Amino acid sequence: MNSWDNEEDIEGGVKAPSRPPSSTAGGGEGADPHRVRHTAKRQEAAALLALWSALVLTEGTVRFILTSPAQDLFPADRPVSILPPFLPFLAALAECVFGLTGVFVGAGAAFFNAHSRAVTLAFLGSQTVLSWFVFIIYVFLIPSYRARYLEAPIFPFDSIGASRVFITMGILTSVTLCLALQGGQFAFGMRLLGHQSPPGKASATHAARAAARGVFWNGNMAFGGLSTAVAGGLLLANTVGNADGGRLTALFGAPPHVGVFPLMTLFTGLLMAVTGLVGVAASVTSELVRPFLALTGVNYVLAYLNFTIVQVGAIRPTGPPQAGAFHSGLVLLTALIGPYFAYVARTARAEEADGTDL
């Protein structure tokens, strides 16, 4: 990875023609405002890539430890109902790899002006392959194995069929959360790559693409809210004889739905869905962005409480600590990425109207 002392050296890893000191992006009196703005956007994208990557690395590290890597990863007497241990081991290791490389790429560009389009492209290529592998193993294969070989109903359900539907809702909510984590890392890597090119003029196409990203990520929130609300509804429909004052007598578990308060799960899902739909509208209507950001704050707090300290913390005698480690980061990024791109879309429309350089 290359590093540079001034802004003339950044584009594509090739040294640009020298310029007078007054024209650099150092923020001096003669600094080109368009170039300063372009540099700020690149550093913002890189910093967000570093943040996303740090949380990817955290999740991968916890998962790696939970796989008990010192055990026999290829047991000869493994029952068919047990997933081969080497698969989650490899997936967790892969997540650590693209989390760590993302931290280096993002932090280098954000804080040390050390970046290269070739390095960013290499990161994005490897991240795509590894993240899909992790996504398939942890989001789909592991819970699907559990549902396929379920021998008894999950509390509080009376049938294996209802239990499998509940597990499916957990899978769908996991899609939302993990897409925001791993897909968000890729999205900010792409933004970094885009801002490693020379500045260009804002256009209607740029604004439309920004709005499409906002629609996608806020739609992702709405989708996760729907599956969470359905999970809460299923739990509420099976509380008769299994609850005491709104609290279940034992925990329910289809990650990320883990806890003892069905009504809280339902309310959280409904608010997530509403927030996502408002975010979709805000992505194409600038006037809605400000109230949407206020709603996002409420949505984030409730989702954080639901997926971490209230639900998991209320489990007796104690809840799984890894759930707090996983869910706190996942909820933050899921709640943040939609509003961010809705705001970016509003900014892009303003730049298009003003004819501003990107």
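Quick reminder: no glycine exception, Cβ is built from N, Cα and C everywhere.
The region 'Disordered' annotation in TrEMBL covers 1-37.
The compositional bias 'Acidic residues' annotation in TrEMBL covers 1-11.
Within the same chain, residues 88-89, 91-103, 105-111, 115, 134, 138, 181-182, 184-185, 188-189, 191-192, 194-195, 322, 325-326, 329-330, 332-333, 340 sit at least 6 positions outside the transmembrane segment (45-66) and bring their C-beta atoms closer than 8 Å to a C-beta of that stretch. Summarising the annotation, TrEMBL assigns transmembrane segment to 45-66 (among others).
Tertiary proximity for the transmembrane segment (86-112) is limited to same-chain residues at least six positions away from its ends with a CB under 8 Å from its CB atoms, namely 1, 3, 42-43, 46-61, 63-64, 66-67, 69, 73-74, 119-120, 123, 126-127, 130-131, 133-134, 137-138, 141-142, 185, 188-189, 192. For 86-112 (among others), the entry in TrEMBL reads transmembrane segment.
What TrEMBL lists as transmembrane segment is 119-141 (among others). Long-range contacts of the transmembrane segment (119-141) within the same chain: residues 1, 60, 63, 83, 87-88, 90-92, 94-95, 97-98, 101-102, 105, 109, 171, 174-175, 178-179, 182-183, 185-186, 189-190, 192-193, 196, each at least 6 residues beyond the stretch ends and with a Cβ under 8 Å from a Cβ of the stretch.
The transmembrane segment annotation in TrEMBL covers 161-181 (among others).
Only residues 6 or more beyond the boundaries of the transmembrane segment (215-237), in the same chain, are considered here, and those with a CB under 8 A from a CB of the stretch are 156-157, 162, 165-166, 169-170, 172-173, 175-177, 179-180, 184, 187, 248, 252, 254, 257, 262-280, 282-284, 334-335, 337-342. The transmembrane segment annotation in TrEMBL covers 215-237 (among others).
The transmembrane segment annotation in TrEMBL covers 257-280 (among others).
Under the heading transmembrane segment, TrEMBL lists 292-314 (among others). Long-range Cβ contacts of the transmembrane segment (292-314) within its own chain (Cβ-Cβ under 8 Å, at least 6 residues beyond either end) map to 247, 256, 258-261, 264-265, 267-268, 271-272, 274-275, 278-279, 281-282, 320, 323-324, 327-328, 330-332, 334-336, 338-339, 342-343.
What TrEMBL records for 326-345 (among others) is transmembrane segment.
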Open item on the list: Cβ under 8 Å, sequence separation of at least 6 from the ends of the transmembrane segment (257-280): give me the contacting residues as numbers and ranges.
Closed with: 166, 169-170, 173, 214-215, 217-233, 235-236, 239, 243, 246-248, 250-251, 288, 291-292, 295-296, 298-299, 302-303, 305-307, 310-312, 314-315, 319-320, 323, 338-339, 342
